[in-house]
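Here's the structure we're looking at; comments come further down.
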């Protein structure tokens, strides 16, 4: 599995190195397995010049976690006292000790001080050096690697060493063990949208009445979900406030772009209180473009705005359309979300991540500007309906990104993500055709970025045939399995400890399990899931039979892509009410939600199968299929209005 490709913080080197290292040096990163699409070729010429970048460890990450829990805990006297952008940057900047010690090491090994510079965001030390110098410095060997699909070459090593005393000061070094994904090579995407389309059911296709008349009540909510159905399900009243700065942020990428014509058709049919021409505020990242023509409209973007606008109106949305059309037409990078995070946080910004699209884009028609760094303010609520398999990215990459979500939480930002549409399985390509993990493809594969403990992850439900949205319960979605389970990287969060233990006491699935952090003891003793991992989803919302307009036609759409913007829109509405009385935004909501499960509609039926198993089952209380349940807007509003 891919997670095993990178081992961080190993206590001692294994195997024999061509260049011996001092006794106090240890392996910092090692690639255990060469990806199948790459071939190791000859040693790099020792005279070759390498642009070296040393990522410095950020300060106070543990303190940041504790502080976020404190200002997010409803029992804390500091609840809601969020930090400013400047306070967050200052808190996490690499310490001067880290900078000085790493620089001193480089100079002691013959890298002259006038060759070393620090990046403008203070996160990296950088210098140019010959391959011979770097191999001696890191006790490694550099090779040329060839990508089998494209013939393109890349420079990397199998492993590298740093002094034991400096391990805690160094995040990672490039060029290092990572192999770049190659532009222009067709392959299965490791990142995907959380939605799929289906034809209108026959009952709607046969009727000759206008959809607005047909669906102007809740009688057919079991067949087609409209804004009226969502309001009935969650007791959502019509909005009346639009505080400047409280717009709902929606992330889009992979070339999925909304159509204004589709929005107008949806508004005129299902949300006539919203004027024609209403559109999100575009904040384009790295050459992205929106909107598009109706013939090229993306179902994901159309869904996100059509399902959320009726909830938040008269408030508006902000569209963070990300990456230039050249890249998004054939997204061949295993990394994801970092170019967006760069754009809203200059301190995070880096031009060297080998897993993300590089800018300026040298390709014909590519974005020729510099990588956008810190050019936009983050929204107070952000909805993300994209993701992939946790096993497809290095642990260090995911932990650095997860720490960034923590920083946004400290600033009062709520980040809501879809849990995925593959149950307990992963998706796309590696490591097996079934997308499950382990040598036999039976180990459950958790989702990315849904497992980060600083995000609010939303699973999917549907309304059974014949059910009344005003009085009948939803069940876990069945047309696809809602993503849920336990991380192989992150430990179970403190805020969910009791809820998860209660689940195991009431509805233990009986599967063999293992206990692992950072994939340290993956699949030991025949286990198929990580019992102590961060559990997800946190909550759920409607995720099937949703009516939208796409490419000018009404259609049904499903996926946890629908659930995430519904819950995000509800948080935006709650923020409106808190801001109106001088209170802060709700920020990171998970500690409050787990402390008050009574504000949810508990979902007790359904499961999320995968890997040849039944997966997990919905149960009373929290479960790894539908989380705490679906929102009851008035109860959620009363709860958050009662807090400072």
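Each Cβ is built from the backbone N, Cα and C atoms, and glycine gets one as well.
Some features that Swiss-Prot has for this protein:
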- 1-18: signal peptide (SIGNAL)
- 224-643: domain 'Peptidase S53' (DOMAIN)
- 235: N-linked glycosylation site (CARBOHYD)
- 300: active site, charge relay system (ACT_SITE)
- 304: active site, charge relay system (ACT_SITE)
- 326: N-linked glycosylation site (CARBOHYD)
- 332: N-linked glycosylation site (CARBOHYD)
- 519: N-linked glycosylation site (CARBOHYD)
- 561: active site, charge relay system (ACT_SITE)
- 602, 603, 621, 623: Ca(2+) binding site (BINDING)
Please classify the secondary structure at residue 623 (Ca(2+) binding site) using three-state DSSP.
strand
Across all protein chains shown, the recorded positions 326, 332, 519, 561 give the max Cβ-within-10 Å count at 561
Residues within 8 Å of the 602, 603, 621, 623 Cβ centre (excluding the Ca(2+) site residues themselves)
600, 604, 618, 619, 620, 622, 626, 627, 628, 629
For residue 603 (Ca(2+) binding site), what is the secondary structure by DSSP, using just helix, strand and coil?
coil
Fewest other Cβ within 10 angstroms of its own Cβ, chosen from the active-site residues 300, 304
300
Using Cβ atoms only, which residues of the same chain lie under 8 Å from residue 602 (Ca(2+) binding site) while being at least 6 residues apart in sequence?
620, 621, 628, 629
Can you tell me whether DSSP puts residue 304 (active site, charge relay system) in helix, strand or coil?
helix
Could you list the residues of the same chain, at least six apart in sequence, whose Cβ is under 8 A from the Cβ of residue 235 (N-linked glycosylation site)?
632, 633, 634
Chain-internal residues, separated by at least six, CB under 8 A from residue 623 (Ca(2+) binding site)
484, 503, 507, 603, 616, 617
Including all protein chains displayed, how many Cβ atoms other than that of residue 603 (Ca(2+) binding site) lie within 10 Å of its Cβ?
24
What DSSP gives for residue 326 (N-linked glycosylation site), in three states, is helix
Taking only the CA atoms, the spacing between residue 519 (N-linked glycosylation site) and residue 332 (N-linked glycosylation site), expressed in whole angstrom, is 25
